[in-house]
């Protein structure tokens, strides 16, 4: 986990017209902070409005001349802000207020409420600006017409109504200006340009770097462990053993699979291919690379968890020689650090730069690495609770294909029989799990 002053509270507030990616940014940041181990939560003004005012609010409800509706929306926004403040007062680290907040008066009120509630709170404003009509239309098509406001409206009518809603907001929209004396980031046209103003501090600086790598281009991410190693056969931890005979078979079959996934040389040349520096991963990757005629990038960052003085032992031997450590690991596998080695929390900090690289990439990404490493990467994309990381199922001889979308991540698991090359695919239940998991979240907790 990253180290900083955990008593420092951070509030992040979005600004911008509808369909500009504010919720996308909010959810991305929330996932990122929770993955790092901070207590973060998103408070979406729109969800409060649906909860209080219902979902049958057409574009006229957002007319700034509609005083009754204006007051109702203002009350809902105040409720969201008060819940954010309460969350931070009760132990939260980062609260994210996802709303339009398009007037100077609203931003001034929020800033004052936050400062009066906390001594020294850091507030960051993120304004998302987009004047690319294609991006806006695509955002409406992918996310807005499927939200609860339009559950019983056909897509064409929903799109027309939502565009009218945007026009209502445009009447009173005031972009952030320097005279407001706010710390802010402005991102234009999905990160094509970024302006940073008065942003200081450890976490806020990380937010800037994170946002600079975000985009909405769809691309697949392939995760696979190396083929079975000799230490896997012997049930030993750590080490730098090479592949077993079965592991070599898997490497060949894995190469065949990727060759069929990327049928043309042009597509193959677009692949971003990462692996570790350990022999079992390098051996597996070399077989794949030779088949695809591409070059993997070896990163020590992707090496397996360092098990310290337990290197080369079986779990039975660890239990016998270090019974206290063995018991401590059973109780807290997430935070347990091997003597002179690492913990899962250490791994998350170590591979953070890899997350940035994956987020930045607009091409297919392939990663051949190790169980603990892939558990951490997988947890980031599926928003698993951090205590779940050490127990996530990342089996040998399986390719996990992730396709991030705006508000969820599709998954397909390809199980490859190393001996026969037979492939079985598990897809539907995983996708449904991901979507249903997000639906089960409360209207203020993402």
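Backbone N, Cα and C define each Cβ position, glycine as well.
Per TrEMBL, the feature domain '6-phosphofructo-2-kinase' maps to 6-218.
Sequence-distant contacts of residue 225 (substrate binding site), defined as residues of its own chain at least six apart whose C-beta falls under 8 angstroms from its C-beta, comprise 368, 369, 370, 371, 374, 394, 395, 396, 397, 398. Positions annotated as substrate binding site by TrEMBL: 225, 226, 227, 228, 229, 230, 231, 232, 280.
Residue 226 (active site, tele-phosphohistidine intermediate): 29 other CB atoms within 10 A of its CB, across all protein chains. For 226, the entry in TrEMBL reads active site, tele-phosphohistidine intermediate.
Note on residue 304 (active site, proton donor/acceptor): other Cβ atoms within 10 Å of its Cβ, all shown chains, come to 24. The active site, proton donor/acceptor feature in TrEMBL is assigned to 304.
Across the fold, the C-alpha of residue 280 (substrate binding site) and the C-alpha of residue 226 (active site, tele-phosphohistidine intermediate) stand 6 Å from each other. Averaged across the domain '6-phosphofructo-2-kinase' (6-218), pLDDT for the predicted model comes to 93. For the substrate site, whose binding residues are given in the record as 225, 226, 227, 228, 229, 230, 231, 232, 280, the maximum C-alpha distance rounds to 14 Å. Put simply, residue 304 (active site, proton donor/acceptor) is 11 Å from residue 226 (active site, tele-phosphohistidine intermediate) when counted between their Cα atoms.
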